[in-house]
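Trainee: Not my notes, these are from Swiss-Prot:
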DOMAIN    106-340  domain 'Radical SAM core'
DISULFID  Cys113-Cys345  disulfide bond
BINDING   Cys120, Cys124, Cys127  [4Fe-4S] cluster binding site
BINDING   Gly172, Glu173, Ser204, Ser227, Leu228, His229, Asn302  S-adenosyl-L-methionine binding site
ACT_SITE  Cys345  active site, S-methylcysteine intermediate
Amino acid sequence: MNTMKRMDCRDLNQSELTQHCAELGLPKFRGRQVFQWVQQKAVQNWEELRNIGAGDRQKLQEGLFLQPLRKVREQIAQDGTRKFLFRCADGETLECVLMDYDRRKNRDRHTVCVSTQIGCAVGCAFCATGLGGWRRNLSPGEILGQVLDITYLMRQEDPDFQVTNIVFMGMGEPLLNYEAVLKAIELLNDPEGQGIGMRRMTISTSGVAPKIRQLAKDNPQVGLAVSLHSAHNTTRDQLIPMNRKYPLEELMEACGDYTTLTNRRITFEIALISGQATLEAAQAVGHLLKGQLAHVNLIPVNPVAGTGMARPTAKEVQQFAQSLESMGIPVSVREEKGTDIDAACGQLRRQLECEQK
């Protein structure tokens with residue numbers, strides 16, 4: 001009688017799958033085959049593993065489960081951005097977004113913004129995700145499953161579709177689900193899976209200083225983006241409650257340690273809000289980042305019901321950027337995607353929850 005705990009095959013790397021197959025009485029090479037089917041081809045059920053006999057598939061099904069996320073809703077913006085609401089096995093819902101960037105001379109870039117938690121405990125003032133509180137962490141399989149299931153869906157339209165970039169900027173704080181995020185990165189990077197280069201993945205954090213240091217020591221070759229939003233503790237306390245635990249002084253010290261250990265530039269994100277995108281605010285950011293290995297990404301805020309925040313004018317955005325550039329700070333304004341479908345994280349999930357009340 002098999003008393004092994006049934007595991008999610010999407011959580012397992014090749015070595016773990018090989019070991020698990022051996023424990024199920026299967027040849028070890030089955031581990032590699034299963035990994036390729038699950039992680040590279042993004043299969044949705046065991047019957048799709050065509051080079052594995054029915055008897056072995058039955059053993060796999062008894063010892064492992066393969067349970068894709070179920071699409072609940074999809075919204076498609078005029079610019080082609082797609083927002084997905086998926087349901088997990090326990091009934092919880094999560095969001096992820098597919099953004100296409102046509103680079104013409106190079107290959108097209110297909111970026112997926114993935115969630116790492118159900119809800120979020122950080123409670124940033126301009127974010128819809130935190131309005132419903134934190135429910136639980138996502139497993140590695142649920143994190144990378146967003147990429148796999150989008151890939152599966154898109155290959156119904158284009159058999160050659162391939163995700164090229166990942167940003168951990170969806171629902172949740174990635175560094176508060178640290179081990180699962182790193183495992184998902186490992187699996188997504190495997191050349192026999194999706195084969196996405198680590199330099200094409202970016203983790204965005206609200207400022208969990210100790211985990212920024214740990215990330216520097218563990219040194220996966222991923223990008224780091226820090227949600228800065230203000231150079232004043234009093235303002236940042238209101239925008240990002242995490243700042244009360246890890247204030248700017250501690251955050252910037254951790255960022256300095258990160259760049260020293262990795263020699264990699266950090267992207268500092270500034271959400272621009274009408275009435276707060278002032279020249280004084282820009283100059284304060286410039287002084288804070290002076291001498292840092294840094295790039296600033298300006299993000300005109302998406303209006304979210306329940307936050308009372310509005311977008312700044314184009315002139316405010318331009319003046320903010322020019323002020324930073326005059327201080328020698330590299331700056332860009334985020335290319336807007338999906339504004340007509342509320343593509344900011346948490347909005348579609350919140351809409352569904354409001355409808356069900």
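Glycine residues also receive a Cβ, built from the backbone N, Cα and C atoms like all the rest.
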Trainee: Give the distance between the Cα atoms of Ser204 (S-adenosyl-L-methionine binding site) and Cys113 (disulfide bond), rounded to the nearest whole Å.
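Mentor: The Cα atom of Ser204 (S-adenosyl-L-methionine binding site) is 10 Å away from the Cα atom of Cys113 (disulfide bond).
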Trainee: Ranked by the number of other Cβ atoms within 10 Å of their own Cβ, which of the binding-site residues Ser204, Ser227, Asn302 ranks first?
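Mentor: It comes out as Ser227.
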Trainee: Spatially speaking, which of the recorded positions Cys113, Cys120, Cys124, Cys127 is closest to Leu228 (S-adenosyl-L-methionine binding site)? Use C-alpha to C-alpha, please.
Mentor: Cys124
Trainee: Rounded to the nearest angstrom, how far is the Cα of Cys127 ([4Fe-4S] cluster binding site) from the Cα of Asn302 (S-adenosyl-L-methionine binding site)?
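Mentor: That comes out at 9 Å between the alpha carbons.
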Trainee: If you measure from the CA of Cys120 ([4Fe-4S] cluster binding site) out to 10 Å, which binding-site residues from the list Gly172, Glu173, Ser227 are inside that radius?
Mentor: Gly172, Glu173
Trainee: Since the record lists Cys113, Cys120, Cys124, Cys127 as recorded positions, which of them has the fewest other Cβ atoms within 10 Å of its Cβ?
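Mentor: Ranked by other Cβ atoms within 10 Å, the recorded positions Cys113, Cys120, Cys124, Cys127 bottom out at Cys124.
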Trainee: Can you tell me the CA-to-CA distance separating Cys124 ([4Fe-4S] cluster binding site) and Cys113 (disulfide bond), as a whole number of Å?
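Mentor: Distance between the two Cα atoms comes out at 18 Å.
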Trainee: Which state, by DSSP, holds Asn302 (S-adenosyl-L-methionine binding site): helix, strand or coil?
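Mentor: Where Asn302 (S-adenosyl-L-methionine binding site) sits, the three-state DSSP reduction gives coil.
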